[in-house]
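> Per TrEMBL, the features are:
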- A:35-59: transmembrane segment (TRANSMEM)
- A:79-100: transmembrane segment (TRANSMEM)
- A:112-141: transmembrane segment (TRANSMEM)
- A:161-186: transmembrane segment (TRANSMEM)
- A:219-238: transmembrane segment (TRANSMEM)
- A:258-278: transmembrane segment (TRANSMEM)
- A:299-319: transmembrane segment (TRANSMEM)
- A:339-358: transmembrane segment (TRANSMEM)
- A:365-391: transmembrane segment (TRANSMEM)
- A:411-437: transmembrane segment (TRANSMEM)
Amino acid sequence: MYVSPIREPLITGKKTYKQITDEISAPIEGKAGKAWYAGITITLSALFLGLAMMGWTIWQGIGTWGLNKTIGWGWGITNFVWWVGIGHAGTFISAILLLFRQKWRTSINRSAEAMTLFAVMCAGLFPLIHMGRPLLGFFVFPYPNTRGLWVNFNSPLLWDVFAISTYFSVSLLFWYVGLIPDIGTIRDKVKSKFKKAIYGFLSFGWTGSARHWSRHETMSLILAGLAAPLVLSVHSIVSSDFATSVIPGWHTTIFPPYFVSGAIFSGFAMVLTLLIITRKVLNLESYITVGHVESMNKIIIATGSIVGIAYITELFIAWYSGVEYEQYAFLNRATGPYWWAYAIMMTCNVISPQLLWFKKLRRNLAFTFVLSIFINIGMWFERFVIIVTSLHRDYLPSSWSMYEPTIVEVGIFIGTLGLFFTCFLLFIRVFPVIAIAEVKTVMKNSGEKLANRDKNE
Amino acid sequence: MKRYISAYFEDEENLLRATKELRAKDVSIQDVLTPFPVHGLDTALGYKRSNLPTVAFICGAIGLAIAFGFQTWAFTVDYPLFIGGKPHFSIPSFIPITFELTVLFAAFGMAIAFFIRSKLGPGANNIIHDERSTNDRFVIIVDLDEAGNQDAIVKSILEKEEALNIQVKEIES
Amino acid sequence: MDNNYTFTRKTQISLFVIGGLGILLLLLGYLLEAPNSQRFWTNFLINNLFFLFIALFGGVFQALHKIAYSGWHTALQRIPEALASFLPIAAILMFLLYFGMHDIYHWSHEGLYDPILEGKAAYLNVPFFFIRMAVYFAIWIWLTRLLRKNSLQQDLSTDIKYYKKGKLLAALFMVFFAVSSSTMSWDWLMSIDAHWYSTLYGWFVFIGLFVSGIATIILFISFLKWKGYLEFINKEHIHDMGKYLFAFSIFWMYLWFSQYLLIWYSHIPEETAYFAPRLNDHTVLFFTILVLNFVLPFLGLMTRNSKRNLKWLSLMAVVVLIGQWLNLYLLVIPGTIGKSATIGFTEIGFVCLYLGGFLFVVFSSLAKAPLLSKNDPLLEESFHYET
């Protein structure tokens, strides 16, 4: 396969196959450093704080949250949507970029998919906690029961249950199927008998037989084909939680594609935040290059601009509609008591990514890191703005109200951040962060050209 | 008595050429073990395209039928109840769940078929010929006839392509 | 390798025949069907937009692939370049709409005493409508011409600067198009049903434009290959075009359903007023569109072989193009002609006339330059293209 010389190499440093294996599996074989222990101490403390607050919520009831009759959804659902959104980059990278043959995905798909799984886990916690009695959470599934009832198939909240659980299961499957060959590599590499047995079990007996590879490739393509519309469907269905209602600011038809775009936007921001650190700490700079960061930044600017267009479309159509409630909802968003949240959202999501039009900034790691955090914050505020500002001015002015989170809600949110980063820290110690086999397939064509590697060429 | 020869290459180009030559000489290749999917190897080995897409399609169709059928049955036959002014048989409402279950069934059906067909799974204990075949070696295992007529030609092809560690093995069967 | 397409006399004559047939049918329509200025202008708008969208997609296809660093499309990039050459003609024709405003756009009438339309008057008024139209066309034509010029200059020089300039132009085009594609669909299509509004509308029209453009490019590849050109386009290129058609048909359905579901679910009379006449007065057409644009391409292009078979793929492209035309038809007519709209001589005549003219312009443009942009630094990748 020919690759034009004007393209930037995807892997720098003229590697051999063995080097690739060794360098990527180094964190699994080696001992964890001080930084890792420091990191996991912080994330575990956050997680325990969150667990305590969750326990308190369940013990005391939802009254410990800042919700009231007018604003029945606050931080909980904001966090839910935010986390689900972050969980969109991984499957987008491995499914849609695979179908579009973007080879740079091979260095980042594994860790991005792991983030997807962890983010969806964090997201799933919120509806569960908000039920008040999480032990009865299984009520959301349609199972034959003594009450003779079925769940409400007309409810977008139920669609959510199916969408999120399907998304989690299929993402997990896709991730694990891709991971099997690499687990095989690790199994054959580790020395300790105990580790060998564990990885041997997890590798499902993988040998690298050409017949298996052939089927594996077919399966990966079809899984990508299935996962691609799945990615679109999940956040579309999440958006319909709001958009099927008749609340001004929620009921707008652009929501499904606009939520998906925002999700990919925020997902890539989180991937950048984590990978810029990971590549440095794990010495993977020659696999996750500045070129990769630039490519991700391009996706950020594309999806960020789509989100910007959607914001402006909503504003314009609210005016154009001539419906006074619509017009008020958007005016209130921008100039009402929550104007600051709106301003943060606009600045972080629409204005700041425009700086990425400059190539210098796209390739600047420090700038990208800071920007990615801005976007994470901005996307959180987007959901907050949509949810709270649309609710707090009810149709009946006597029910107008304000919402403030309590320490319990903040604690639970911090707890999910703790869960997410703890999982990620464990992941980098246990599984290869980069898809070893996939990187090897692109090495010859897209790696830095080797002086005397292929003796037959 | 079964006899076979095994060797490994350090570069996939050698493997590809050797495979093509061996197949041209009508030698049966038992297995090839590679650290990553080598482009064009499955055609060189003459493998047919997998039927997994068909499996996915059938499983997806089953998922679709189950999801749509169940929702319809539950809301029109078993427990018809007016909710939010929607008709009992409200197709648009049923589509999201139908779609999700179609994907779920297709993905898992295909993956299970893959594991069964490839005899892989938790606890599967396949022989590992060379610990570095999942790292940087491209191992080839070629069947030989009992009389040993093919030995020379196979060996010469392997040697020409710079194969290393060429070993003839015999198994009583 | 014969790299230049010759626009043969025979092809020219067949196009004249198609165009002539169109005029004949229009005359028949004038004589047999009640002559009606509203019907005339409605059809004029539908067809002008349909072919304008395809021409615009010429720009979109080039620009998208350029900014995505894609290599495989370079071997067929002369086709979208030629498609865009129809833009100036579509522009001139579009301005003729001035004479048909009253028949199509209810809001352009004077003295309506309609408070909702009064609220929109700052946007929906005749002068501003044409100013916007002029801006869209000026920038689209300017940028697609620059892209074409840059690409032709690249044929003469191996300097990398043309490649880089192409990327810059592509980015500019996409930025402007991203905004203008929404506003143009509000202006030209959504404002027909002047009271109604939907935030998704612009993106829905855009995806229709995308699908019909893909289908058209497939048909061009098919035609040129049949005539013995484009031997460097292999099964893999065809496969990718097939994947596009398959994927974007699904995406079209996704956006269609998103809009329909949310309006159906919320059941607000102001919004359902849009779907009610479409579903009740044109039931058959309503569902035919879904079959042609989604069901058939989805089932027909599911397997790998069907996407790699150019004849079958071309058939699917024709199906989708008919589906997209009907979709546009159904976007326009309930707000103009209404219930009584039928497809007769006038409709088919218009399509033939436009088709002949459009193809004549595009083929002339295609014949002016080699079919291969030989100095593109990514061209070599397009030749060695395999999965």
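Placement of Cβ uses the backbone N, Cα and C atoms for every residue, glycine included.
Annotations in TrEMBL come from automatic prediction, not curation.
On a predicted model such as this, the values are computed, not experimentally measured, just so you know.
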> List, by number or range, the same-chain residues at least 6 past the transmembrane segment (A:365-391) whose CB is under 8 A from its CB atoms?
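Sequence-remote neighbours of the transmembrane segment (A:365-391) are 70-75, 77-79, 81-82, 85-86, 242, 247-250, 262, 265-266, 269-270, 272-273, 276-277, 290, 293, 297, 300, 304, 307, 329, 332-333, 336, 338, 341-342, 344-345, 347-349, 352-353, 355-356, 403.
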> Sequence-remote contacts (6 or more beyond its ends) of the transmembrane segment (A:35-59), Cβ cut-off under 8 Å?
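Contacts with the transmembrane segment (A:35-59): 65, 125, 129, 132-134, 281, 407-409, 411-419, 421-422, 425-426, 429.
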> Taking residues 6+ outside the transmembrane segment (A:79-100), which of them lie with a CB under 8 Å of any CB in it?
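For the transmembrane segment (A:79-100), the sequence-distant neighbours (Cβ-Cβ under 8 Å, at least 6 residues beyond its ends) are 108-109, 112-117, 119-120, 122-123, 126-127, 164, 167, 171, 174-175, 178, 220-221, 223-225, 227-228, 230-231, 234-235, 238, 259-260, 262-264, 266-268, 270-271, 376, 379-380, 383, 387, 412-413, 416, 420.
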> Report yes or no: does the transmembrane segment (A:411-437) come within contact of the transmembrane segment (A:112-141), defined as 3 or more CB pairs under 8 Å with a sequence separation of 6 or more?
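In contact, yes.
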> Residue list, the transmembrane segment (A:258-278) vs rest of chain: Cβ under 8 Å, 6 or more residues beyond ends.
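Hits for the transmembrane segment (A:258-278): 82, 84-90, 92-93, 108, 111-112, 115-116, 119, 231-232, 235-236, 238-239, 284, 288, 293, 296-297, 299-300, 303-304, 306-307, 310, 349, 365, 368-369, 371-373, 375-376, 379, 382, 424, 428, 433.
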> Can you tell me which parts of the same chain pack against the transmembrane segment (A:161-186), counting only residues 6+ beyond its ends and a CB-CB cutoff under 8 A?
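Long-range Cβ neighbours of the transmembrane segment (A:161-186): 21, 25, 28, 84, 87, 90-91, 94-95, 109-110, 113-114, 116-117, 120-121, 123-124, 140-141, 199, 202-204, 206-208, 216, 219-220, 223-224, 226-227, 230-231, 233-234, 237-238, 431-432, 435-438.
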